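Let me begin by presenting the structure, written as structure tokens, before commenting on it.
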Amino acid sequence: MRIIGIDPGLARVGYGIIDEIEGKKIMIDCGIIETKSTKKEEERLVEISNDLSSIIKKWNPNSAAVEKFFFYRSSTTISVVQARGVIMMTLGKYKLPIQEFPPMQIKLAVTGYGHSDKNEVLNCVMHELSITSPPKPDDAADALAIALTGIYLK
């Protein structure tokens, strides 16, 4: 099984690719799709879709896991929701089964505690994937946690 985990955003979309082979989880790739704030929003959304398509074509995942948001009066809400919609559409274009998880469920799945801080989640991700250096930037590390959640809760 190969899964892509995605941490949505307009400025930065984190992604992480993990293989699960006979119960062992192996990090294949992780990184970010970054868009410049100087571009028009519609150009940034197209860039996210195009870059995500390239990642999907390169790594050919079997499924996807995406962080689900619940916003309350945030100025970034609309932009992030639009980016998330483009991400969901792009995943759908490749007919990938999609799992969605809120942040607390991701923390619970990865650490066993739904109110864990970022360092606890990061340590568990590094341990589970047998990696010695923290994935950078944080969005990529978060995407790996989302992918692990997709594996654990499949």
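The chain as shown is numbered from 1 upward.
Glycine is treated like the rest: Cβ placed from N, Cα and C.
Database features (Swiss-Prot):
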ACT_SITE  ASP7  active site
ACT_SITE  GLU67  active site
ACT_SITE  ASP139  active site
BINDING   ASP7, ASP139  Mg(2+) 1 binding site
BINDING   GLU67  Mg(2+) 2 binding site
In three-state DSSP terms, ASP139 (active site) is classed as helix
What number of additional C-beta atoms lies within 10 angstroms of the C-beta atom of GLU67 (active site)?
-> 23
What is the Cβ neighbour count of ASP139 (active site) at a 10 Å cut-off, with all protein chains included?
-> 23
